[in-house]
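Undergrad: After the structure tokens below, expect a handful of questions from me.
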Amino acid sequence: MNENLFTPFTTPTLLGLPAVMPIIMFPTLLFPTSKHLINNRLITIQQNLTQLILKQMMTTHNTKGQTWSLMLMSLIIFIATTNLLGLLPHSFTPTAQLSMNLAMAIPLWAGTVFTGLRFKTKNSLAHFLPQGTPTPLIPMLVVIETISLFIQPVALAVRLTANITAGHLLMHLIGSAALALMTMNFLATSLTLIILMLLTILEIAVALIQAYVFTLLVSLYLHDNT
């Protein structure tokens, strides 16, 4: 194959213009809405899954935290659909870009922190200094807790980027190996294709799990600050 290994991660262009925004907005077209009194089966399944995920995620939150329900559900649906669409051939995965993930992680993390500073100021500031800390260690622990706080959005973005990128690269390498072995050994090609199919199934699971993990961590940050 003449295709570069990192070609799937390059930003696509349309008529010389970046096509990222249409790609990001495309998943919203995949979820139908109904204006009828009785919904069809597809919309019913969609609503039941949404209610199940929302109930599981919002169980531990108080009234203030439950106001983020729409934001968190929109986030998990967007990340999951974007990850799944990125598995299609000749497609582009925005969540494989660190800049894209940082653009999601930083505002959400900052919103949870500002919410905590506004409504639970004492508890939020108390996280910087655990109770019973010896006096000589106070400055060091405050610095460490501050660094760990600011690392949270970076960890969110890097975790999602690394998992999506690693899976796509592995699929690309195994697909290239299967294409190269096609003219050499039929048995080796068959085994490679089986591995590729199993890896594809694994990547579908990873795409959904990473969307859930990203949203769950944001939900936990929100729970600590509300």
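Every residue gets a Cβ built from N, Cα and C, even glycine.
Below are the features I grabbed from TrEMBL:
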type	residues	note
TRANSMEM	12-31	transmembrane segment
TRANSMEM	67-88	transmembrane segment
TRANSMEM	137-157	transmembrane segment
TRANSMEM	169-188	transmembrane segment
TRANSMEM	194-222	transmembrane segment
Undergrad: Which residues of the chain, 6 or more past the ends of the transmembrane segment (194-222), have a CB below 8 A from one of its CBs?
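TA: Non-local partners: 53, 57-58, 61, 65, 68, 72, 75-76, 79-80, 83-84, 86-87, 104-105, 108-109, 112-113, 115, 152, 156, 159-160, 163-164, 167-168, 170-171, 174-175, 178.
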Undergrad: Could you pull out which residues elsewhere in the chain have a CB under 8 Å from any CB of the transmembrane segment (67-88), counting only those six or more residues past its ends?
TA: 24, 26-28, 30-31, 50, 53-54, 57-58, 61, 94-96, 104, 108, 160, 164, 168, 200, 203-204, 206-208, 210-212, 214-215, 218-219, 222
Undergrad: Within the same chain, where does the transmembrane segment (137-157) have neighbours whose Cβ lies under 8 angstroms from its own Cβ atoms, ignoring anything closer than 6 residues to its ends? I mean 6 or more beyond.
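TA: Distant contacts of the transmembrane segment (137-157): 98, 101-102, 104-106, 108-110, 113, 127-130, 214, 217-218, 221.
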